[in-house]
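Chemist: Shown below is the structure under consideration.
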Amino acid sequence: MLNFIADLPGKILSRRPLAYLLLFLVVGAYFLWLNSTPSFADPDSFYHAKIAELIKNSGPVKDFYWLPFTTLDDIYIDHHFLYHLILIPFLFVFNPLLAIKISAVIFAALAILAFQWLLDKFKIKYSLVYTILLLLVHQFIFRINLAKIPSLSLIFLLCFIYLLFTNKNKWSWLIFGLSFAYVWLYGGWPIMLGIGFVYFLTSLKAKPFLSALAGIICGLVINPYFPTNLKFYWQQTFQIGLINYQNVIDVGGEWYGMSFFSLVQYDLFIIILFILALLIFFIYFKKSAFAKAAADRQNFFNSTTLLIISIIFFILTLKSQRNIEYFIPFVLLFSSFTINNFLEFKKINLTNQIVKLYFKHQKIALLFIILLALYSPIIIGANFNGLKEDLRKNYNFNQFTGMAAWLKENSQAGDIVFHDNWDDWPVLFYHNSYNRYIIGLDPTFMYLKDKQAYWQWYNIVTGRTSENICAIIKDEFSVHYVFVKTGNEKLKNNLEQDNLCQLVYEDSDGFIYKIN
């Protein structure tokens, strides 16, 4: 009886194709429920939908004239080019906004499936437990369900880990091809290069790393945006991603750090598991027994690599919370590999031990099960509903449609619109690419091009500059229309008191003023 119960999870997972299909459908249904609202949590989704539509209709976007006061006017590349190409088939079936939302659900479910697949390929015991833990991490699930690149990027990295760990120090065209494609997929390609370099340091296998390095170099050079992409990556990856100007200007929320205590508070079980794995790793490493726990040293190299990557992403998450999308899965990978090696070394059947403990201490076990049954729905339900609410709020599909339509009908092609929130630009751009705008995607792009113009814009929209603002806007920015989002009462009042400005349109989303 004990052996049957202990072997039951393994028997279920032994039918891999059916198990994977079931996992994909269940997770996909959950993610579809989370995303079943006509809105996006992140306005960048509108940008991706628009760029994919432009590529579908006119080919790659080379000249980006919609933000003339930013560096993107001079140095623009589509650093998600492959992602936008992948979106195009969805556009033939759905409208762009629905297409990108459906694709986000599919890619997020595939990311979870890829995680489970990787654990199974390395015969990690109780692999489904780690996948369930991954699904219960609020911030991670939120990030991979955004209609943008995180889920696809994670899929590429998980495949990269598999190719690295199974390589026998030979040149790999698969690693080369994956690295090449990752450069076209995402401007965060240094992540893959860094992972390859860490594996080289731990295993001293040079050829897999050289395969990745060659693929990344070729991806940069054999590129529709070369050599402009090299300048752009310096700005996007290093100045915005690593250096970051969050202490100077207001940047996107995802670039701000997460405190250590917040990380522990929200991901307590993951942190406990990580600490347990760390103790196992360092105790056995110190005794030189851990490396002998596996059939060869490869498992030791794998665990060491995953540990270093986890620590790096831990530090990066404290700096920019967006890195939680990599920190959590890599911590779980390290924990699963390390604990699995320990169980193999000690020849422990964990399921069998749990069943024995249950029958030995039935009263305590039943009390624990009852408490778990009572509290789990509350905790999980709060987590699920919180996630749905987080993914629902912010920007609905019809945001600013009335204002965009009015501007199209009443302005000239290419007229610049002075808007008060850089975060709103992707939405305005999606609904109205007829006009141009002041600032968007990230305020750093405007700050790097002209610091004086940035602070002038900032002081006007925040109400710090309150006199003669219409004349300043017209003379300094060559603008005839000002868009004020509902809620910005300071700017609205300043415009109302300026005789050069006239209110010409208003709805629930905001107000448009014309400068006479």
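Glycine residues also receive a Cβ, built from the backbone N, Cα and C atoms like all the rest.
In case it helps, TrEMBL gives these features for our protein:
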TRANSMEM  18-36  transmembrane segment
TRANSMEM  75-93  transmembrane segment
TRANSMEM  98-118  transmembrane segment
TRANSMEM  124-142  transmembrane segment
TRANSMEM  149-165  transmembrane segment
TRANSMEM  171-201  transmembrane segment
TRANSMEM  208-226  transmembrane segment
TRANSMEM  263-285  transmembrane segment
TRANSMEM  300-318  transmembrane segment
TRANSMEM  324-343  transmembrane segment
TRANSMEM  364-384  transmembrane segment
Chemist: Any contact between the transmembrane segment (18-36) and the transmembrane segment (171-201)? By contact I mean 3+ C-beta pairs closer than 8 Å, pairs at least 6 apart along the chain.
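Modeler: Contact absent: fewer than 3 Cβ pairs fall under 8 Å.
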Chemist: Give the nonlocal contacts of the transmembrane segment (149-165) in its own chain as ranges (CB under 8 Å, at least six residues past its ends).
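Modeler: Residues 80, 83, 86, 104, 107-108, 110-111, 114-115, 117-118, 121-122, 143, 172, 174-175, 178-179, 181-182, 185-186, 188, 191-192, 195-196, 199, 208, 212, 298, 301-302, 305-306, 325-326, 329, 333.
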Chemist: So, taking each listed stretch (75-93, 98-118, 124-142, 208-226, 324-343) in turn and counting its Cβ pairs to the transmembrane segment (300-318) that are under 8 angstroms, which one gives the highest count?
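Modeler: The stretch with the most close Cβ contacts to the transmembrane segment (300-318) is 324-343.
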Chemist: Is it true that the transmembrane segment (124-142) and the transmembrane segment (324-343) have 3 or more CB pairs under 8 Å, sequence gap of 6 or more?
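Modeler: In contact, yes.
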Chemist: Going through 171-201, 208-226, 263-285, 324-343 one by one, which has the most CB pairs that fall under 8 Å from the transmembrane segment (98-118)?
Modeler: 324-343
Chemist: For the transmembrane segment (263-285), I need the partner stretch with the highest count of C-beta pairs below 8 angstroms, choosing only from 75-93, 171-201, 208-226, 324-343.
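Modeler: That would be 324-343.
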Chemist: Mind checking which residues of the chain, 6+ beyond the ends of the transmembrane segment (171-201), have their Cβ under 8 Å from one of its Cβ atoms?
Modeler: 79-83, 149, 152-153, 156-157, 159-161, 163-165, 207-216, 218-220, 222-223, 232-233, 236-237, 241, 301, 305, 308-309, 312, 326
